[in-house]
2 protein chains.
Amino acid sequence: MSFATPVRDMRFSLEHMAGFGALEKTGAFADLSDDLVAAILGEMAKYCDNVVAPLNEPSDRDPARLENGVVRTPKGFREAYRQYVEGGWNALAFPEEWGGQGLPQTLAIALVDALNQACMSFAIGTTLTTGAVKALLHAGTDEQKRLYLPKMVSGEWTGTMNLTEPQAGSDLSALRTKAEPAGDGRYKIAGQKIFITYGEHDMTDNIVHLVLARLPDAPEGTAGISMFLVPKIHVNEDGSLGARNDVQCLKLEEKMGLHGSPTCVMAYGEKGECYGTLLGEEHRGLKNMFVMMNAARLDVGVQGVGVAERAFQRALAYALERRQGRPPGVKAGEMIPIYEHADVRRMLYSMKSLVEASRAICYANAVAYDLARRAPDEKKRKEAKALEDLLTPISKGWSTDRANEVASLGVQIHGGMGYIEETGAAQHMRDVRIAAIYEGTNGIQAMDLVGRKLQMDGGTAAKAFIRKVKEEAVIARAGKRPELKRIGARLEEAANALEASTDWLLEASKKDQHDALAAATPYLKQFGNVAGGYYLARGAMAAALMLGEEGADKAYLEGRIAVARFFAENYLTEAAGLTQAIAAGAESVARLDPEALTG
Amino acid sequence: MSFATPVRDMRFSLEHMAGFGALEKTGAFADLSDDLVAAILGEMAKYCDNVVAPLNEPSDRDPARLENGVVRTPKGFREAYRQYVEGGWNALAFPEEWGGQGLPQTLAIALVDALNQACMSFAIGTTLTTGAVKALLHAGTDEQKRLYLPKMVSGEWTGTMNLTEPQAGSDLSALRTKAEPAGDGRYKIAGQKIFITYGEHDMTDNIVHLVLARLPDAPEGTAGISMFLVPKIHVNEDGSLGARNDVQCLKLEEKMGLHGSPTCVMAYGEKGECYGTLLGEEHRGLKNMFVMMNAARLDVGVQGVGVAERAFQRALAYALERRQGRPPGVKAGEMIPIYEHADVRRMLYSMKSLVEASRAICYANAVAYDLARRAPDEKKRKEAKALEDLLTPISKGWSTDRANEVASLGVQIHGGMGYIEETGAAQHMRDVRIAAIYEGTNGIQAMDLVGRKLQMDGGTAAKAFIRKVKEEAVIARAGKRPELKRIGARLEEAANALEASTDWLLEASKKDQHDALAAATPYLKQFGNVAGGYYLARGAMAAALMLGEEGADKAYLEGRIAVARFFAENYLTEAAGLTQAIAAGAESVARLDPEALTG
C-alpha cells in the first residue's frame with residue numbers, strides 16, 4: 001500500500017490546534033518559523049516514506065532473531081538506521097553543545113509520529129535512545145556526559161531503559177538487581193531484566209543501558225533504587241571503545257506484534273564482571289527515571305497516533321478501491337466503492353477524528369513541554385508545566401486506547417481481507433496493542449491523572465483547562481456555520497460533564513482514595529474526549545476563518561470542520577454517561593468474593 | 001491455565017435470564033426439565049474441559065496445513081472430533097427421525113458456547129455442519145435427505161457454506177460461479193470460492209459443500225443465485241462412498257488468529273468434472289441460505305461469548321495470582337494480588353458483565369428461535385419469531401463487538417505478559433477478531449436491524465421489547481435492595497433513550513434510508529446495551545429472591561446482583577449519548593471529498 005507522511009495534517013495540527021506559534025514567539029529557538037517547520041517536516045517525510053515505511057511489513061514476517069548471543073535486526077534496519085543518524089534526526093531537539101540542533105522537542109515529537117507511521121518496530125528503538133539522552137542530560141556527571149552524550153545525541157550509540165524484572169513490573173519496589181561498589185568508583189551490577197526493547201541489536205557499535213538496581217543496605221521499596229549507566233562495550237578515557245562488558249541477551253520474547261523490534265531478556269553480571277557507573281544520586285534512581293518517563297509516556301502516546309494514522313490511510317485507500325453494493329434503493333448497475341456507504345464512512349470518520357484528536361493532544365502536550373522549559377517568564381513556564389503534567393497521562397492513555405480502536409476499525413473496513421495477514425491491516429492492530437501497556441499501563445496513567453495530577457494542585461490545572469474549553473465552546477457556538485454551533489454545543493455539554501466529574505472526584509478524595517481509584521479509567525476517557533474535542537474545535541474554527549482567504553484549500557479545510565463535527569457528535573456525547581459511571585464510585589467495583597465470578 | 005466450562009453461569013443464564021422455562025412449558029420437548037439440562041451441561045463440560053480445551057493453545061502454534069491437496073488439522077483434532085460424533089453432540093437438537101435427539105436448539109447454542117470456550121478453531125467446524133443440516137432439512141429433496149442427513153446429523157460427514165468469491169463478499173450479487181445442467185438431473189459446477197472454513201480437512205470421510213452458483217440465463221444480481229449440494233466424494237444410491245468429485249483446496253489463508261481452523265480457497269470443476277445437485281428451487285439459493293444464515297449469525301454471536309468467557313477466566317486467574325503493589329496509602333509490606341486493585345477489578349467486572357450480558361442475549365435469542373417453531377399456539381409463535389428476528393443482528397453484532405473488547409481487556413490485565421504469545425491472552429484477541437466480520441459484518445448486522453428488522457413491522461417488535469424492558473425497570477426500582485433500585489433507574493433511562501432513537505429512526509426513514517443507514521451502528525450498540533441490561537436485571541432480581549431461600553449460594557447470587565449493577569452503571573449509561581449520536585443522522589457522515597481526509 002502506498003503510504004505518505006501526512007505533512008499537511010501535521011502542520012495543521014501544530015499551527016492551528018496545538019499552539020505551536022507560542023513557541024515561535026518565545027524567541028528561545030533561533031530562526032524558528034512556520035517555513036522552517038514546513039521544510040523540516042518535508043525532509044522528514046522524504047526519509048520516512050522512502051526509507052522507513054517499506055520496512056514495516058517485511059519486518060513483521062522476518063522478525064528480529066537471536067543467534068549465538070547476537071541479535072540480527074530485520075533486513076534493511078541497519079541501513080535505515082545509518083541514514084537516521086546521518087540525517088541528524090536523532091539530534092534534532094538536543095542542545096547544540098552536544099551536537100544537537102537545538103530545535104523544540106515538539107518537532108522531535110512530530111518525528112516520533114512520522115517514524116511510527118512508517119514502522120513502529122523500527123521507531124521504538126530511537127525513542128529509547130532519546131529518553132536515555134534526556135536522563136544523561138539531567139543527571140549525568142561531566143565525565144559521563146563527555147564520554148557518552150556526543151555519540152548518543154547523534155544516535156551512533158543507542159540507549160535502553162532497564163526497569164522490569166519478573167516480579168517487579170508496575171510495582172518497581174520489588175526490584176532485586178544489585179549494584180556493589182567495585183572500589184574504583186564503579187559498580188558491579190548483577191541481575192536479570194525482562195522486556196528490554198532493543199537491549200541487543202546489530203545497528204550500532206555500542207549500546208548504553210540505563211539499569212535500575214539496589215545498592216547494598218539500600219532502603220526497601222522504591223526509595224532504595226539507584227540508576228546505573230552500563231555500557232555494552234566499555235568506553236575508554238579517550239572515548240574509544242574498550243573491552244566487552246558482562247552484559248548478555250539471553251532470549252527474545254515472541255510477541256503478538258512488533259516483530260521487528262527485539263524485546264530482550266538481559267543478564268547483567270552472569271560472570272560477575274559487569275561494571276557500570278552511578279547515574280544521578282544514590283537511591284534517587286526512580287526520580288531520575290521519572291524525568292525521562294514523562295517524555296517517554298508522551299512518546300508512547302504518539303506511537304499510538306502514528307500507527308493509527310497508517311491504519312487509517314490503509315483503510316481509506318481500500319475503501320476507495322474496493323467495490324461492493326449499490327446506493328440505497330438502487331438494485332442494478334455497477335457496484336460502488338465501499339466509501340460510498342454511510343456505515344463505512346462512519347468507521348473512516350471515526351478513525352480520522354480519533355487520529356486528529358489524539359495527535360493534537362500529544363502535540364499540545366509537547367508544546368507545553370517546551371514552554372515549561374523555554375518560555376521567557378516564570379509564570380508562563382509554571383502554567384505550561386502544569387498543563388504538561390496534566391496532559392501526559394491523557395496523551396499516553398487516551399491516545400493509545402483510541403489507537404487500538406482505530407487499528408481494529410481498520411481491520412473491520414477490510415472485511416474478511418482484514419483478517420488475512422498479507423493485507424497488512426491486522427499487523428497494525430497487533431503492533432499497537434502494546435502501547436496501552438508499556439511505559440505504565442493505561443490504568444496506571446488513569447491513576448496518575450486522578451491521584452497525582454488532579455489532586456496535587458487541588459484541581460487548579462484541570463479547572464483552568466476546563467475553563468479554556470468552555471470559552472472555546474462559547475466562541476464556537478457563536479460561529480455562523482451551523483456545524484460550529486453544533487460543535488460548540490456538544491463541547492459545552494461535555495465540558496460541564498467533565499467539570500462535574502472533577503468536582504465530584506476532588507470532593508470524594510478528601511475522605512479517601514477509593515472512589516478516585518475506582519473512577520480513574522472512565523475519568524481519563526472523559527478528559528481525553530473533552531481535550532480531543534477542544535483541540536479539534538480550535539482547528540475547525542481556524543479552518544472556518546481560513547476558508548474566507550484567497551486561494552484557500554477548500555476541500556481540506558471543510559474536512560477539518562466535518563471531522564471536528566463528527567467527533568463532537570460521536571465522542572463528546574459520551575461525556576454525560578461517563579459522569580454517571582464515575583459518580584457510581586468505589587461501590588460499583590467493590591471487592592467480590594472470587595466465587596461470585598466463578599461460573 | 002486451568003479452564004472449566006461455567007455450567008453454573010450457563011444454567012443461571014438459561015433459567016433466570018433467557019426464559020428457558022417457557023420451552024419446558026410448551027410440552028413440545030419430551031422430558032425436558034431443569035434436571036435434564038443440568039445433566040446435559042455436565043456431560044458437555046466433561047467433554048469440553050478434558051478433550052477440547054487442551055487443544056486450544058497447541059493448535060494456535062501448530063496450525064492446519066495444506067500438503068499435496070490434503071489438509072492436516074492440528075494434532076488432536078481428529079480424535080476430539082471422533083469423540084464429538086460418538087458423544088452424539090452434533091445430533092443434539094436435530095429431529096429424531098434423522099438420528100437426532102430432538103432437544104431444543106437452545107441447548108445446541110449452549111453447546112456452541114461451551115465448544116468455543118474450549119477451542120474456537122475446533123468449534124467453528126461443527127457449526128458449519130449444523131448450519132448445512134438446517135439447510136438440508138429446510139430445502140432438501142427426499143433423496144438428498146436420505147443420502148446425506150443421517151451422516152450429517154451424526155457429524156460423520158461435515159458441511160460447509162460456499163458464498164464468497166473475491167469480487168463478491170458482502171455483496172453476493174456479483175457472484176460468478178456457474179452451474180450447468182448435466183442432463184442426468186445433476187449440475188456441473190465451475191468456479192472458485194474463498195474463505196471456506198473447513199473446506200478441506202482430515203477428520204471425516206466426506207465433506208458436503210453447499211455452493212452458491214448461477215444457472216445459465218439466470219437473472220442478474222441476487223435473484224439469480226441457486227444453491228447446490230456438492231459432495232467431496234460422490235455418494236452412491238445405497239449411501240456408500242463412490243468416486244472423488246472434482247473439488248480441491250488450492251490454498252489455506254494465513255490469518256491473524258484461528259490458526260487451527262483451515263480457511264480454504266476452494267476450486268470447483270477445475271477439470272470440468274465437478275457435479276452437484278440443486279438444493280431448493282432454482283434462483284432461490286439466497287433465500288435458502290438465509291434460513292441457515294439467521295441460525296449461523298446466532299452461532300457467531302455465541303462464538304464471541306465463548307471466547308470472551310475463556311479470556312475472562314484466564315484474566316481472573318492471573319489477577320488472583322499475580323502480586324504487584326499495595327493497598328492505597330500502604331507503603332510497606334507484602335505485595336497484594338492485583339485483583340485487590342479497584343482498576344483491575346473494573347476491567348474484570350467489565351469483562352464478566354459483558355460476557356453475561358451477551359450470553360443472556362444469545363440464549364434468549366435461542367429460546368425465541370425454539371418458541372417460534374415449537375410453541376403450541378400461533379400467536380406465541382409469531383411473537384417469538386418477531387423477537388428472534390429482532391435479536392439476531394444484536395446477538396451477532398453486539399456480542400462479537402463486545403467480545404473483542406473483552407479479549408483486549410484480558411490482554412491488558414496481564415500487563416506486559418499479555419503481549420507475549422506464550423501467555424495465551426493474545427490468542428483470544430486474535431481468534432475472536434474474525435467474529436465481528438464473517439457471517440455478515442457487524443455493519444451489515446446494524447443495517448439489517450434498522451433496515452429490515454425495525455422498519456418491516458413498523459417498529460412493533462422493537463417497541464414491544466422496549467415496553468418489556470420498561471416494565472422490568474419499574475419492578476427493579478421497586479426492589480428493596482439499593483442495587484436493584486439503581487439498576488432499575490439506569491435501565492429506565494436507557495430504555496427511554498432507546499425509545500427516543502427508535503421513534504426518531506422510524507420517522508426519519510419515512511423520507512429515505514440515509515439517516516437510518518448512517519445511524520445503524522450506534523443504534524445496534526444502544527439496543528444491545530439495553531437488551532444486555534434487561535437480561536442482567538432479570539437475573540439480579542431472580543438472585544435477590546433466591547437469596548431468601550434456604551441453602552442459597554450466597555456469594556454467587558450476590559455476584560449476579562453486583563455484575564448487573566456494574567453493567568447498569570457503566571454500559572446502560574452510554575445510552576443517552578448514543579441517542580444524540582444517532583440523531584446527528586446522515587449529515588454527520590455526509591460524503592467528503594477524499595481530499596478532505598488526506599493529510
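Here the Cβ of each residue, glycine as well, is placed from N, Cα and C on the backbone.
Just so you know, TrEMBL annotations are computer predictions that nobody has curated.
Now, the feature entries from TrEMBL:
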DOMAIN    A:74-156  domain 'Acyl-CoA dehydrogenase/oxidase N-terminal'
DOMAIN    A:161-266  domain 'Acyl-CoA oxidase/dehydrogenase middle'
DOMAIN    A:284-449  domain 'Acyl-CoA dehydrogenase/oxidase C-terminal'
DOMAIN    A:474-593  domain 'Acetyl-CoA dehydrogenase-like C-terminal'
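By number of Cβ pairs under 8 Å, the domain 'Acetyl-CoA dehydrogenase-like C-terminal' (A:474-593) is matched best by A:284-449 from the list A:74-156, A:161-266, A:284-449. Per-class residue totals from DSSP over the domain 'Acetyl-CoA dehydrogenase-like C-terminal' (A:474-593), listed helix then strand then coil: 100 helix, 0 strand, 20 coil.
Across the domain 'Acetyl-CoA dehydrogenase-like C-terminal' (A:474-593), the prediction's mean pLDDT works out to 96. Counting residue by residue with DSSP, the domain 'Acyl-CoA dehydrogenase/oxidase N-terminal' (A:74-156) contains 60 helix, 0 strand, 23 coil. Residue counts of the domain 'Acyl-CoA oxidase/dehydrogenase middle' (A:161-266) by helix, strand and coil are 7 helix, 53 strand, 46 coil (DSSP-based).
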